[in-house]
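Below you'll find the structure, written out as C-alpha coordinates, and then a few comments.
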Amino acid sequence: MKQDRKIKMKGCLFAFMTGTLWGISSPVAQFLFERKNIVPEWLVPYRMLLAGALLLIYAGIRGQDIFGVWKDKKDRIRLLIFGATGMLGMQYVFFCAVKEMNAGTATIFQYLNPAILIIFFAVVHKILPSKKEMISVLAAVVGIFLVATHGDFSTLAVSGKGVFLGLLLAVVACIYGVLPAPLLRKYSAETVSAWGMIIGGTVLMLAVQPWRIKTEVDTQVAVAFAVIIVVGTLLPFCFYMAAVKYAGPVYAGLFSCMEPVGATIVAAVYLGTKFVKVDILGFILVLSTLFILAIPEKEK
(Lines of atoms letter the chains of each structure in order from A and count residues from 1; the text may use other names and numbers.)
(Lines give C-alpha, C1' and ligand atoms only; values in the text may rest on other atoms or scores of the structure.)
Protein backbone atom coordinates (compact mmCIF):
# COMPACT_ATOMS: atom_id res chain seq x y z
CA MET A 1 0.00 0.00 0.00
CA LYS A 2 2.84 2.36 0.94
CA GLN A 3 4.61 1.49 -2.30
CA ASP A 4 1.48 2.36 -4.32
CA ARG A 5 1.23 5.68 -2.51
CA LYS A 6 4.89 6.47 -3.24
CA ILE A 7 4.37 5.68 -6.93
CA LYS A 8 1.28 7.92 -7.07
CA MET A 9 3.15 10.73 -5.29
CA LYS A 10 5.95 10.35 -7.83
CA GLY A 11 3.40 10.71 -10.62
CA CYS A 12 1.84 13.78 -8.99
CA LEU A 13 5.31 15.35 -8.71
CA PHE A 14 5.88 14.77 -12.43
CA ALA A 15 2.47 16.34 -13.17
CA PHE A 16 3.28 19.34 -10.95
CA MET A 17 6.55 19.82 -12.83
CA THR A 18 4.67 19.47 -16.13
CA GLY A 19 2.27 22.30 -15.34
CA THR A 20 5.04 24.51 -13.98
CA LEU A 21 7.21 24.05 -17.09
CA TRP A 22 4.25 24.55 -19.42
CA GLY A 23 3.61 27.76 -17.53
CA ILE A 24 7.10 29.07 -18.29
CA SER A 25 6.75 29.16 -22.09
CA SER A 26 3.96 31.75 -22.23
CA PRO A 27 5.77 34.42 -20.11
CA VAL A 28 8.89 33.84 -22.21
CA ALA A 29 6.77 34.41 -25.33
CA GLN A 30 5.33 37.53 -23.66
CA PHE A 31 8.91 38.74 -23.15
CA LEU A 32 9.61 38.27 -26.87
CA PHE A 33 6.42 40.12 -27.85
CA GLU A 34 6.87 43.03 -25.44
CA ARG A 35 10.64 43.53 -25.31
CA LYS A 36 11.88 42.17 -28.65
CA ASN A 37 9.02 43.08 -31.01
CA ILE A 38 8.62 39.46 -32.10
CA VAL A 39 5.19 38.61 -33.55
CA PRO A 40 3.24 35.32 -33.27
CA GLU A 41 3.38 34.92 -37.07
CA TRP A 42 7.15 34.54 -36.77
CA LEU A 43 7.36 32.59 -33.51
CA VAL A 44 4.59 30.01 -33.88
CA PRO A 45 5.44 28.31 -37.22
CA TYR A 46 9.12 27.90 -36.34
CA ARG A 47 8.21 26.66 -32.85
CA MET A 48 5.70 24.12 -34.15
CA LEU A 49 8.01 22.71 -36.82
CA LEU A 50 11.08 22.43 -34.59
CA ALA A 51 9.21 21.10 -31.54
CA GLY A 52 7.29 18.65 -33.72
CA ALA A 53 10.46 17.34 -35.36
CA LEU A 54 12.25 16.90 -32.02
CA LEU A 55 9.21 15.20 -30.49
CA LEU A 56 9.02 12.83 -33.47
CA ILE A 57 12.71 11.95 -33.02
CA TYR A 58 12.03 11.34 -29.31
CA ALA A 59 9.14 9.00 -30.18
CA GLY A 60 11.34 7.16 -32.67
CA ILE A 61 14.11 6.71 -30.10
CA ARG A 62 11.53 5.19 -27.76
CA GLY A 63 10.84 2.58 -30.42
CA GLN A 64 7.41 3.82 -31.51
CA ASP A 65 6.06 3.32 -35.03
CA ILE A 66 6.10 7.00 -35.96
CA PHE A 67 4.83 6.38 -39.50
CA GLY A 68 2.05 3.95 -38.59
CA VAL A 69 -0.59 6.69 -38.44
CA TRP A 70 -0.07 7.38 -42.17
CA LYS A 71 -0.89 3.83 -43.24
CA ASP A 72 -4.64 4.03 -42.57
CA LYS A 73 -6.63 6.38 -44.85
CA LYS A 74 -9.16 7.49 -42.18
CA ASP A 75 -6.42 8.07 -39.62
CA ARG A 76 -4.38 9.97 -42.18
CA ILE A 77 -7.29 12.31 -42.96
CA ARG A 78 -8.10 12.83 -39.27
CA LEU A 79 -4.45 13.60 -38.51
CA LEU A 80 -4.29 16.17 -41.32
CA ILE A 81 -7.50 17.84 -40.09
CA PHE A 82 -6.24 17.81 -36.49
CA GLY A 83 -2.89 19.34 -37.42
CA ALA A 84 -4.35 22.02 -39.71
CA THR A 85 -7.20 23.02 -37.35
CA GLY A 86 -6.88 21.80 -33.76
CA MET A 87 -3.12 21.97 -33.27
CA LEU A 88 -2.60 25.03 -35.48
CA GLY A 89 -5.57 26.86 -33.97
CA MET A 90 -4.52 26.09 -30.41
CA GLN A 91 -0.91 27.20 -30.88
CA TYR A 92 -1.52 30.32 -32.98
CA VAL A 93 -4.55 31.66 -31.10
CA PHE A 94 -2.86 31.01 -27.75
CA PHE A 95 0.21 33.09 -28.59
CA CYS A 96 -1.95 35.82 -30.15
CA ALA A 97 -3.89 35.93 -26.88
CA VAL A 98 -0.64 36.16 -24.89
CA LYS A 99 0.44 39.09 -27.05
CA GLU A 100 -2.91 40.88 -26.69
CA MET A 101 -3.36 40.27 -22.94
CA ASN A 102 -0.62 38.59 -20.88
CA ALA A 103 0.65 35.09 -20.19
CA GLY A 104 -1.41 34.38 -17.06
CA THR A 105 -4.72 35.70 -18.39
CA ALA A 106 -4.37 33.98 -21.77
CA THR A 107 -3.55 30.69 -20.08
CA ILE A 108 -6.56 30.85 -17.78
CA PHE A 109 -8.92 31.45 -20.72
CA GLN A 110 -8.02 28.09 -22.25
CA TYR A 111 -9.26 26.39 -19.07
CA LEU A 112 -12.77 27.46 -20.01
CA ASN A 113 -12.92 24.53 -22.43
CA PRO A 114 -14.57 22.04 -20.00
CA ALA A 115 -17.43 24.51 -19.43
CA ILE A 116 -17.83 25.08 -23.18
CA LEU A 117 -17.91 21.33 -23.83
CA ILE A 118 -20.56 20.84 -21.13
CA ILE A 119 -22.78 23.52 -22.70
CA PHE A 120 -22.18 22.18 -26.22
CA PHE A 121 -23.10 18.58 -25.38
CA ALA A 122 -26.10 19.72 -23.33
CA VAL A 123 -27.45 21.66 -26.33
CA VAL A 124 -26.64 18.97 -28.92
CA HIS A 125 -28.02 16.07 -26.91
CA LYS A 126 -30.83 18.14 -25.34
CA ILE A 127 -30.07 17.03 -21.80
CA LEU A 128 -29.59 19.05 -18.65
CA PRO A 129 -26.06 19.07 -17.22
CA SER A 130 -25.56 17.38 -13.86
CA LYS A 131 -25.42 19.46 -10.69
CA LYS A 132 -21.61 19.46 -10.56
CA GLU A 133 -21.45 20.37 -14.27
CA MET A 134 -23.75 23.36 -13.72
CA ILE A 135 -21.68 24.47 -10.73
CA SER A 136 -18.47 24.19 -12.77
CA VAL A 137 -19.95 26.23 -15.65
CA LEU A 138 -21.09 28.93 -13.21
CA ALA A 139 -17.65 29.01 -11.55
CA ALA A 140 -15.94 29.32 -14.95
CA VAL A 141 -18.23 32.14 -16.14
CA VAL A 142 -17.90 34.12 -12.89
CA GLY A 143 -14.13 33.53 -12.83
CA ILE A 144 -13.57 34.79 -16.37
CA PHE A 145 -15.89 37.75 -15.71
CA LEU A 146 -13.74 38.75 -12.71
CA VAL A 147 -10.52 38.40 -14.73
CA ALA A 148 -11.93 40.44 -17.62
CA THR A 149 -13.29 43.27 -15.43
CA HIS A 150 -11.07 43.26 -12.31
CA GLY A 151 -14.41 43.11 -10.48
CA ASP A 152 -15.53 46.49 -11.87
CA PHE A 153 -18.78 45.74 -13.71
CA SER A 154 -18.67 49.03 -15.64
CA THR A 155 -15.44 48.43 -17.56
CA LEU A 156 -13.23 45.81 -19.16
CA ALA A 157 -9.72 45.32 -17.76
CA VAL A 158 -8.93 43.27 -20.86
CA SER A 159 -9.39 44.66 -24.38
CA GLY A 160 -12.34 43.54 -26.46
CA LYS A 161 -9.91 41.85 -28.85
CA GLY A 162 -8.30 40.11 -25.89
CA VAL A 163 -11.64 38.74 -24.67
CA PHE A 164 -12.46 37.57 -28.20
CA LEU A 165 -9.10 35.80 -28.54
CA GLY A 166 -9.50 34.28 -25.08
CA LEU A 167 -12.94 32.87 -25.87
CA LEU A 168 -11.72 31.68 -29.29
CA LEU A 169 -8.81 30.00 -27.51
CA ALA A 170 -11.24 28.13 -25.25
CA VAL A 171 -13.18 26.94 -28.31
CA VAL A 172 -10.10 25.75 -30.22
CA ALA A 173 -8.91 24.06 -27.01
CA CYS A 174 -12.11 21.98 -27.19
CA ILE A 175 -11.37 21.06 -30.82
CA TYR A 176 -7.76 20.32 -29.88
CA GLY A 177 -8.94 17.96 -27.14
CA VAL A 178 -11.74 16.18 -29.04
CA LEU A 179 -10.37 15.75 -32.60
CA PRO A 180 -7.40 13.46 -31.89
CA ALA A 181 -9.24 11.19 -29.41
CA PRO A 182 -9.73 8.29 -31.90
CA LEU A 183 -6.07 8.57 -32.94
CA LEU A 184 -4.83 8.48 -29.35
CA ARG A 185 -6.61 5.17 -28.83
CA LYS A 186 -4.40 3.62 -31.54
CA TYR A 187 -1.17 5.62 -31.52
CA SER A 188 1.07 7.25 -28.92
CA ALA A 189 0.45 10.81 -27.77
CA GLU A 190 4.01 11.73 -28.78
CA THR A 191 3.49 10.58 -32.36
CA VAL A 192 0.09 12.25 -32.79
CA SER A 193 1.25 15.52 -31.20
CA ALA A 194 4.50 15.56 -33.19
CA TRP A 195 2.80 15.08 -36.55
CA GLY A 196 0.09 17.56 -35.54
CA MET A 197 2.74 20.20 -34.85
CA ILE A 198 4.58 19.48 -38.10
CA ILE A 199 1.37 19.65 -40.16
CA GLY A 200 0.10 22.78 -38.41
CA GLY A 201 3.51 24.43 -38.57
CA THR A 202 3.82 23.71 -42.29
CA VAL A 203 0.35 25.14 -43.03
CA LEU A 204 1.08 28.29 -41.01
CA MET A 205 4.56 28.60 -42.53
CA LEU A 206 3.08 28.65 -46.03
CA ALA A 207 0.31 31.04 -44.99
CA VAL A 208 2.34 33.73 -43.18
CA GLN A 209 5.83 33.21 -44.71
CA PRO A 210 7.75 34.12 -41.51
CA TRP A 211 11.05 34.44 -43.38
CA ARG A 212 9.64 37.64 -44.91
CA ILE A 213 8.96 39.15 -41.48
CA LYS A 214 11.76 41.49 -40.42
CA THR A 215 13.06 40.06 -37.15
CA GLU A 216 16.27 40.79 -35.24
CA VAL A 217 17.44 37.52 -33.68
CA ASP A 218 19.98 38.35 -30.95
CA THR A 219 21.26 36.14 -28.11
CA GLN A 220 18.25 36.84 -25.88
CA VAL A 221 15.80 35.93 -28.64
CA ALA A 222 17.71 32.72 -29.41
CA VAL A 223 17.83 31.69 -25.73
CA ALA A 224 14.15 32.52 -25.22
CA PHE A 225 13.22 30.51 -28.31
CA ALA A 226 15.23 27.54 -27.02
CA VAL A 227 13.51 27.79 -23.64
CA ILE A 228 10.08 27.75 -25.31
CA ILE A 229 11.03 24.65 -27.33
CA VAL A 230 12.88 22.61 -24.69
CA VAL A 231 11.62 23.81 -21.29
CA GLY A 232 8.13 24.78 -22.40
CA THR A 233 7.40 21.95 -24.84
CA LEU A 234 9.63 18.85 -24.86
CA LEU A 235 10.46 18.43 -21.15
CA PRO A 236 6.89 18.92 -19.88
CA PHE A 237 5.59 16.48 -22.48
CA CYS A 238 8.01 13.82 -21.24
CA PHE A 239 7.09 14.60 -17.62
CA TYR A 240 3.37 14.41 -18.44
CA MET A 241 3.77 10.93 -19.93
CA ALA A 242 5.54 9.86 -16.72
CA ALA A 243 2.76 11.46 -14.65
CA VAL A 244 0.09 9.50 -16.50
CA LYS A 245 2.11 6.31 -16.06
CA TYR A 246 2.60 6.66 -12.30
CA ALA A 247 -0.45 8.63 -11.13
CA GLY A 248 -3.07 8.02 -13.83
CA PRO A 249 -4.70 10.51 -16.23
CA VAL A 250 -7.03 12.14 -13.67
CA TYR A 251 -4.32 13.12 -11.18
CA ALA A 252 -1.97 14.02 -14.03
CA GLY A 253 -4.58 16.36 -15.49
CA LEU A 254 -5.42 17.98 -12.17
CA PHE A 255 -1.86 18.68 -11.09
CA SER A 256 -0.83 19.87 -14.55
CA CYS A 257 -3.30 22.74 -14.09
CA MET A 258 -0.35 24.43 -12.35
CA GLU A 259 0.29 25.90 -15.82
CA PRO A 260 -1.65 29.18 -15.30
CA VAL A 261 -0.23 29.48 -11.78
CA GLY A 262 3.31 29.17 -13.11
CA ALA A 263 2.59 31.54 -15.99
CA THR A 264 1.10 34.14 -13.64
CA ILE A 265 3.99 34.00 -11.15
CA VAL A 266 6.70 34.23 -13.84
CA ALA A 267 4.88 37.06 -15.65
CA ALA A 268 4.40 39.01 -12.40
CA VAL A 269 7.92 38.52 -11.01
CA TYR A 270 10.06 38.82 -14.15
CA LEU A 271 7.93 40.90 -16.53
CA GLY A 272 6.19 43.16 -14.02
CA THR A 273 2.68 42.16 -15.16
CA LYS A 274 0.22 43.44 -12.57
CA PHE A 275 -2.54 41.25 -11.19
CA VAL A 276 -5.04 42.31 -8.52
CA LYS A 277 -6.67 40.14 -5.85
CA VAL A 278 -9.85 39.84 -7.90
CA ASP A 279 -7.82 38.33 -10.78
CA ILE A 280 -6.46 35.64 -8.47
CA LEU A 281 -9.99 34.87 -7.27
CA GLY A 282 -11.06 34.56 -10.90
CA PHE A 283 -8.16 32.21 -11.64
CA ILE A 284 -9.11 30.04 -8.65
CA LEU A 285 -12.75 29.86 -9.76
CA VAL A 286 -11.83 28.79 -13.29
CA LEU A 287 -9.35 26.17 -12.08
CA SER A 288 -11.85 24.89 -9.52
CA THR A 289 -13.95 23.56 -12.41
CA LEU A 290 -11.35 20.84 -13.02
CA PHE A 291 -11.54 19.67 -9.42
CA ILE A 292 -15.34 19.87 -9.34
CA LEU A 293 -15.63 17.75 -12.48
CA ALA A 294 -13.16 15.23 -11.04
CA ILE A 295 -15.45 14.50 -8.07
CA PRO A 296 -16.90 11.01 -8.63
CA GLU A 297 -20.66 10.73 -9.05
CA LYS A 298 -22.53 9.07 -6.21
CA GLU A 299 -23.97 5.71 -7.16
CA LYS A 300 -27.75 5.70 -7.14
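One-based numbering along the chain as shown.
Each residue, glycine too, has its Cβ placed from N, Cα and C.
Heads up, TrEMBL stuff is auto-annotated, nobody curated it.
Features as listed in TrEMBL:
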DOMAIN    9-148  domain 'EamA'
DOMAIN    161-293  domain 'EamA'
TRANSMEM  12-32  transmembrane segment
TRANSMEM  44-61  transmembrane segment
TRANSMEM  77-95  transmembrane segment
TRANSMEM  107-128  transmembrane segment
TRANSMEM  135-151  transmembrane segment
TRANSMEM  163-184  transmembrane segment
TRANSMEM  191-209  transmembrane segment
TRANSMEM  221-243  transmembrane segment
TRANSMEM  250-272  transmembrane segment
TRANSMEM  278-295  transmembrane segment
Folded-back contacts onto the transmembrane segment (278-295), same chain, C-beta under 8 angstroms, at least six residues removed: 104-105, 108, 111-112, 114-115, 132-133, 135-137, 139-140, 142-147, 150-151, 250, 253-254, 257, 260-261, 264
Contact call for the transmembrane segment (163-184) and the transmembrane segment (44-61): at least 3 Cβ pairs under 8 Å, seq gap 6+: no
Contacting positions for the transmembrane segment (12-32) when only residues 6+ beyond its ends and CB under 8 Å are counted: 38, 43, 94-95, 98-99, 102-104, 106-107, 221, 224-225, 227-228, 231-233, 235-237, 239-240, 242-243, 246-247, 251-267, 270-271, 273
Candidates 44-61, 77-95, 221-243; stretch with most C-beta pairs under 8 Å toward the transmembrane segment (191-209): 44-61
